[in-house]
Amino acid sequence: MKTLLLTLVVVTIVCLDLGYTMTCCNQQSSQPKTTTTCAESSCYKKTWRDHRGTIIERGCGCPNVKPGIQLVCCETNECNN
């Protein structure tokens, strides 16, 4: 009986994914879409211009940026594409 109860608890934890993680896009500029699993609860998309043109950086979290860099932070899976 104890074994059955323990098995049910383990299955419940695995199915509920109590350690919820976020999936964020992490490709740079116009590269093909790639994603990563993050421990943070948000994703970001940084955009700026330099001599190469418009540069886009994507990743996990919501970093501080320097003036002149556009930052968009969001809180749903793959929201920074």
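Using N, Cα and C of the backbone, Cβ positions are placed for all residues, glycine too.
Bond annotation: of C60, C73, only C73 is listed by Swiss-Prot as forming a disulfide with C62. Note on proximity: of the disulfide-bonded residues C24, C38, C43, C60, C79, the one nearest C73 (disulfide bond) is C43, by Cα distance.
Neighbour counts of Cβ atoms within 10 Å were compared for the disulfide-bonded residues C60, C62, C74, C79, and the top value is held by C60.
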